[in-house]
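Structure, as structure tokens:
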Amino acid sequence: MIRIGQGYDVHKLDYDRELIIGGIKIPYEKGLLGHSDADVLLHAITDAIIGAIGALDIGHFFPDTDMAYKDADSAELLAEIWRQVEAEGFKLGNLDATIIAEKPKMAPYVELMKRRIAELLHAEPSQVNVKATTTEKLGFTGREEGIASLAVVLLEK
């Protein structure tokens, strides 16, 4: 059996936060604002995985009204969901994700992100693809107000 899920996340950029994307700390003057560490890439991936197994969404498992998840490490949240997915007998077929940001440039960090995500999903880096794009200065990402991410995942049982 195969299952496909897609996920999307967006967070506002803020001067008083660290920038963490794909589980990697990226040196930048701004970070992402959110209840957890606001890792848009890991949130999109987590939501895609949850969608693939038909289990609602990330907010159902980790509500932003629950102080237990205040400043939570998104890698730990993804790992928690992945344990449940593996317990149901699924493994990763492949994952494709896109980060949408005008700045900072993501290219220097993409390989580190791929390796970190593969580690969290007990997969090979070749099963994980991460890429980045801009919106050519259009919209909220183009105005550097926020960063978005999309993810598609294929699970196999």
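Including glycine, each Cβ sits where the backbone N, Cα and C put it.
For 9-11, 35-36, 57-59, 62-66, 101-107, 133-136, Phe140, Arg143, the entry in Swiss-Prot reads 4-CDP-2-C-methyl-D-erythritol 2-phosphate binding site. In three-state terms derived from DSSP, Phe140 (4-CDP-2-C-methyl-D-erythritol 2-phosphate binding site) belongs to a helical segment.
All protein chains included, His11 (divalent metal cation binding site) registers 22 other Cβ atoms within 10 Å of its own Cβ. The divalent metal cation binding site annotation in Swiss-Prot covers Asp9, His11, His43, and the record cites sequence analysis as its basis.
Look at Swiss-Prot and you will find His35 (among others) tagged as site 'Transition state stabilizer'. All protein chains included, His35 (site 'Transition state stabilizer') registers 17 other Cβ atoms within 10 Å of its own Cβ.
Taken from Swiss-Prot, the feature site 'Transition state stabilizer' covers Thr134 (among others), and the record attributes it to sequence analysis. Around Thr134 (site 'Transition state stabilizer'), a 10 Å sphere centred on its CB holds 15 further CB atoms from the protein chains shown.
Checking each of the recorded positions (His35, His43, Thr134) against Asp9 (4-CDP-2-C-methyl-D-erythritol 2-phosphate binding site), the C-alpha distance stays within 10 Å for His43. Most Cβ neighbours within 10 Å, among the binding-site residues Phe62, Phe140: Phe62 holds that distinction in the structure as shown. Each residue contributes its Cα atom, and for Ser36 (4-CDP-2-C-methyl-D-erythritol 2-phosphate binding site) and His11 (divalent metal cation binding site) these two points are 11 Å apart.
DSSP classifies His43 (divalent metal cation binding site) as helix under the three-state reduction. With a cut-off of 8 Å between CB atoms and residues at least 6 apart in sequence, the same chain places Thr98, Ile99, Ile100 near Thr133 (4-CDP-2-C-methyl-D-erythritol 2-phosphate binding site), listed in sequence order.
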